[in-house]
Amino acid sequence: MAGDLFLSTPLLLPLVLTWIVPVLAHEHHGADLTEEQLHAPVDAVLWIHIALQAIVWGFIFPVGMVLGLTRSRWHVPVQSLAFALTFGGIVLGHAHGGRQFPSSTHSHIGSWILVPIFAQLGLGIYLKLHIHERTLRPYAVRAHGVLGRIWPILGWVQGLFGVITLRGFCGEVGAGQCAAHYIMGSGFIAYGMIMALLLVVGDNWVRRSGRSPEWWDSWVIMLWGIINTFTEHHGGEWSVKDMQHTILGILWWAGGALGIFLSRNNQRNVVPGVIIILTGWAMSDHAQALMLSTKVHSMFGYSLMLAGFARVLEVCFIPLPSSPLSERPPLDDNDSEHTLAPAAPKDTGVTAKLNAVRAFRHLPPFLLVASGLLFMSATDEELEAAHEEGVDHVTYVLSMYSIAFLFYLLTVLLLHLYSTSGRNASSAQQPNVVFSAEGIELSDTDASKWYAPLSREEGTSAAAHVLGEDEDD
């Protein structure tokens with residue numbers, strides 16, 4: 001393997017250099033652009049660049065990251081494809097005609113992002129060589145893992161600045177509002193995705209940490225509140241918005257501190273949910289210049305309030321199971337959670353409760369993701385542009401919710417992939433024991449896969465015989 005990599009590297013380097021040299025030599029435009037260049041139509045090359053990079057950084061790289069976390073053999077092929085496509089996308093971004101753009105944060109990050117790209121690519125090749133196993137390799141593994149985990153953040157930030165550049169938003173006048181909306185909106189989206197991670201696949205980690213989910217929530221809320229308290233007013237007279245935003249910061253750090261205290265000894269509490277409800281109420285009554293803006297802010301507030309209520313219900317009435325199925329004692333026919341026959345009333349209640357837990361726990365994180373997207377789309381410039389296009393608040397809000405559904409779909413797909421790929425695939429494929437008796441187990445998995453005939457020499461003392469659904473007993 002090492003020899004093949006060394007032989008192929010000299011062949012790949014000229015190809016990569018032919019892509020990268022034009023990028024490094026490309027001069028970013030400044031104030032010398034004409035009005036015609038600034039307002040020309042976007043050409044097909046730039047649209048391909050946007051679509052390609054959105055697919056690569058929004059889907060292929062995250063899938064490859066998850067496959068790397070699970071040690072899947074598909075990690076290297078998927079990431080190799082992603083690197084090849086993103087290099088092509090970078091070239092297209094510098095080779096387009098049509099509309100031209102002034103120098104921007106997106107263009108500067110586009111040049112500097114080559115540093116982590118080549119660092120990650122180099123680390124991946126080095127790790128495939130399997131050399132320096134006891135000296136440098138352990139540090140390379142850690143560096144590769146850290147870079148891989150921040151990949152979605154890099155893609156999100158660069159993609160967000162790309163949208164800002166394309167639409168011409170967030171100039172000198174609107175930069176402060178853009179920063180507030182995009183940072184806080186991104187925070188709500190990240191909060192929702194992390195909550196989904198903890199509630200859907202992170203039960204074991206939460207229990208091992210010895211801290212309740214609300215302990216982590218409260219720390220995030222408190223730290224963000226401290227930052228928000230001292231960054232919303234920039235001198236001069238206090239406006240109504242300055243006062244509202246600052247008092248929200250005080251609410252967050254005060255409530256977060258209470259939540260941390262109540263979460264001691266691994267206790268759950270409703271303080272984070274109450275803070276989300278109060279924040280949503282404040283935002284729902286946030287007066288704006290445009291009616292469209294007022295309606296969008298109101299829906300943002302209502303979504304937050306619903307997310308807070310859902311979180312309170314989840315904490316108070318839909319607690320997490322006491323322990324995951326994999327850590328429970330072996331099942332017998334008296335305490336089985338599954339059955340091939342119609343369930344008894346007792347089992348029906350247990351199964352229904354577990355299904356309710358699995359279904360309901362998706363509601364708070366999804367609403368947080370939707371709230372974040374609504375807030376990010378509620379800047380004055382965006383809503384003025386929508387108003388000029390004749391878009392009403394119903395169409396606008398439902399458009400954001402549609403995007404939220406796609407975002408959350410991607411989130412749960414990645415969580416599902418993590419649970420069923422690589423080193424987690426074997427545990428995901430284990431048969432679910434639905435009945436256990438002396439010498440026989442019934443499984444609800446595929447019979448041809450899990451059937452093991454009982455040898456005659458072993459007699460009645462042999463290991464349990466597994467029967468699938470389609471076999472005769």
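Numbers here mean position along the shown chain, with the first residue as 1.
Glycine residues also receive a Cβ, built from the backbone N, Cα and C atoms like all the rest.
Curation does not apply to TrEMBL; its annotations are automatic.
Among the ranges 214-231, 358-375, the stretch that TrEMBL annotates as transmembrane segment is 214-231. Taking DSSP states H, G and I as helix and E and B as strand, the domain 'DUF2427' (37-130) has 73 helix, 1 strand, 20 coil. The list of residues near the transmembrane segment (214-231) in space but at least 6 beyond its ends in sequence, with Cβ under 8 angstroms from a Cβ of it, reads 187, 191, 195, 198, 245-246, 248-260, 262-264, 266, 268-272, 275, 315. 109-129 is the stretch from 81-97, 109-129, 243-262 with the greatest number of Cβ pairs below 8 Å to the transmembrane segment (150-169). If you average pLDDT over the domain 'Protein YTP1-like C-terminal' (155-418) in this model, you get 83.
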